[in-house]
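Please read the structure below before turning to the comments.
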Amino acid sequence: MGDKRTLMNLKVQVSMRVLTIGTTLASMGLMITNREVTSVYGIAFEAKYSDSSAFRYLVFAYIAIAAVTLLTLAWACLAVRKGGLIFALFFFDLLMTLTALSAFSAAMSEGYIGKYGNTHAGWLPICGYVHNYCNRVTLSLALSFISFLLLFVLTVLTASAARRS
């Protein structure tokens, strides 16, 4: 029974890590390639991810998350077989979950301001002018949230496995 549970845990770990890497890279790719040029009252301006520090943070954080998740993919194969490595795997999963949450939160707040503005600060919404840009940001943030959820579930599964070992 223990071998069957170990094999199932390994399959779940591997598949969830591969999904996490996929959603992370897709979110990052959408954000990096997101760019739109428009004209407002005869003045041309360009909207791109690098204009926002929150969006740049999302991209760089997701580069790190994809790299660490790729490393922990190999590590998970060893940790499932050797119980001593599971706590370290849990630590990295927790660290990546918190990084994903902070990057998503920062980018989400920036996206909210872009869509709705902030009348108290005098910031106007820009999504009325750059529709495609905002739609791609929304899709990138949705994939970012899915990445966070996958990492959260991975953290819970790894914590459960660490507790059993």
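Glycine is treated like the rest: Cβ placed from N, Cα and C.
Nobody curates TrEMBL annotations by hand; they come from automatic prediction.
Residues or ranges marked as domain 'Casparian strip membrane protein' in TrEMBL: 11-150.
According to TrEMBL, the feature transmembrane segment maps to 14-34 (among others). The list of residues near the transmembrane segment (14-34) in space but at least 6 beyond its ends in sequence, with Cβ under 8 angstroms from a Cβ of it, reads 48-49, 55, 58-59, 62-63, 65-66, 69-70, 72-73, 76-77, 100, 107, 133, 136-137, 139-141, 143-144, 146-147, 150-151, 153-154, 157.
TrEMBL lists 54-78 (among others) with the feature transmembrane segment.
Taken from TrEMBL, the feature transmembrane segment applies to 85-108 (among others). Residues 24, 31, 52, 54-55, 57-58, 61-62, 64-65, 68-69, 72, 75-76, 78-79, 137, 140-141, 144-145, 147-148, 151-152, 154-155, 158-159, 161-162, 165 of the same chain lie 6+ residues outside the transmembrane segment (85-108) yet bring a C-beta within less than 8 angstroms of a C-beta in it.
The feature transmembrane segment is assigned by TrEMBL to 139-162 (among others). Tertiary neighbourhood of the transmembrane segment (139-162): same-chain residues 9, 12-13, 16-17, 19-20, 23-24, 26-28, 30-31, 34, 58, 62, 65, 69, 79-80, 86-87, 89-90, 93-94, 96-97, 100-101, 103-104, 107-108, 111, selected by CB-CB distance under 8 Å and a gap of 6+ residues from either end.
Across the domain 'Casparian strip membrane protein' (11-150), the DSSP tally of helix, strand and coil residues reads 108 helix, 14 strand, 18 coil.
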